[in-house]
Amino acid sequence: MARTGLADATAPEADAMPAASKDAADVRMISTKELQAHAAADDLWISISGDVYDVTPWLRHHPGGEVPLITLAGQDATDAFMAYHPPSVRPLLRRFFVGRLSDYTVPPASADFRRLLAQLSSAGLFERVGHTPKFLLVAMSVLFCIALYCVLACSSTGAHMFAGGLIGFIWIQSGWIGHDSGHHQITRHPALNRLLQVVSGNCLTGLGIAWWKFNHNTHHISCNSLDHDPDLQHLPLFAVSTKLFNNLWSVCYERTLAFDAISKFFVSYQHWTFYPVMGFARINLLVQSIVFLITQKKVRQRWLEIAGVAAFWVWYPLLVSCLPNWWERVAFVLASFVITGIQHVQFCLNHFSSAVYVGPPKGNDWFERQTAGTLDIKCSPWMDWFHGGLQFQVEHHLFPRLPRCHYRMVAPIVRDLCKKHGLSYGAATFWEANVMTWKTLRAAALQAREATTGAAPKNLVWEALNTHG
């Protein structure tokens, strides 16, 4: 461990975040059974480090949205809380304190996770963003200018097609920037960080950062839960498990994931349609962003989000219209979407072939769930730009606030912890991950052909607009 500059994560002195200090004589003792009885949106208790909090009044104000709190209601949420919040947030919970668990225990894997998290925090790694965001912002600006020049100042068809592909590449890198800024501050100024989110997300790609946060927060909390994780809910086009043939109820989208005749048809051939669909998956995300901003009741700075998305729908069609004829315009758009489809494939590789389950996650097995449901992509350091930090998907899910520049250093420690506790640590090359994903889709496709449907088919347009991910 010496090469990482961190102490042994299993060392006894690397203690976890302490519980709130209270005079034991004044503290109400609460059993786990009583905690579990308060698991509704209008009566929501959680436990953190053995302390029990009634966060019902905070539910509507939670910056991460209501879904993560509701998902972990009535449970020990220590690991998830510590993964997503800096230690400075802990004192804010005191006003919600109601008592302490009488039967509180810490699983061994969780204890080691908390010790490692405390060490990373003490070393200041969560605040050390590195130079990657600045470099990418400059590079994206230069490449965007090159794309504009190729369209506006060049008459060559090849230059126009190159510009279309370049826009798609910029969208990919913009997606990594938006992902980083959604998990942690990439600048020291919150207002500037927010501006970069809207510009790199809404304005440049047309994807609302508010929509992304809603989906992504839920995905992280419920990683690979078929009925809770929106990143695995792709019916009618895709299903990674036969359990999705049972018309599961999507907790995130509050609708049934219907496995009807239409779903059966598409899923039966999903291993052949996967890559072509990924080439145009951006269309679905654009639609979902607009629908979210219009229909969602609570959207932070809704008009700023809408203005950012509207800016995209001004500059991109205007740029396309500057091309000399319709076939070049169509080819330009296709080049943009197909290139950025690489990123959609990357998102799927990290989870599609990993372990899945049905039901809500449990707060006290955070380490186990995150490692079981994610897959790292093995690559050389010079290829880190291609994967945007998500080649270390296991590390990212365990430490979502950690800037990507530290993942390569932390990965060996996480592997050691997984080995110590007998947990899986999935890692494969980019090619191997594609093969694993294809085999997962094929296995489900072959079983879909024999399965019976359990819902009446809906209108195909309705189904397409309700395909998520």
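In case you wondered, yes, glycine gets a Cβ from its N, Cα and C as well.
The following features are taken from TrEMBL:
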type	residues	note
DOMAIN	27-102	domain 'Cytochrome b5 heme-binding'
TRANSMEM	135-155	transmembrane segment
TRANSMEM	161-179	transmembrane segment
TRANSMEM	191-212	transmembrane segment
TRANSMEM	274-294	transmembrane segment
TRANSMEM	306-327	transmembrane segment
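Across the domain 'Cytochrome b5 heme-binding' (27-102), mean pLDDT in this model comes to 91. Across the domain 'Cytochrome b5 heme-binding' (27-102), DSSP classifies residues as 34 helix, 20 strand, 22 coil. Across the candidate stretches 135-155, 191-212, 274-294, the maximum count of CB pairs under 8 A to the transmembrane segment (306-327) is reached by 191-212. Long-range contacts of the transmembrane segment (135-155) within the same chain: residues 162-163, 166-167, 169-170, 173-174, 176-177, 196, 200, 204, 319, 322-324, 332, 385, each at least 6 residues beyond the stretch ends and with a Cβ under 8 Å from a Cβ of the stretch. For the transmembrane segment (191-212), the residues of the chain that approach it from at least six positions outside its boundaries are 137, 140, 144, 170-171, 174-175, 177-178, 181-182, 185, 285-286, 288-290, 292-293, 296, 299-302, 304-305, 307-309, 311-313, 315-316, judged by C-beta separation under 8 angstroms.
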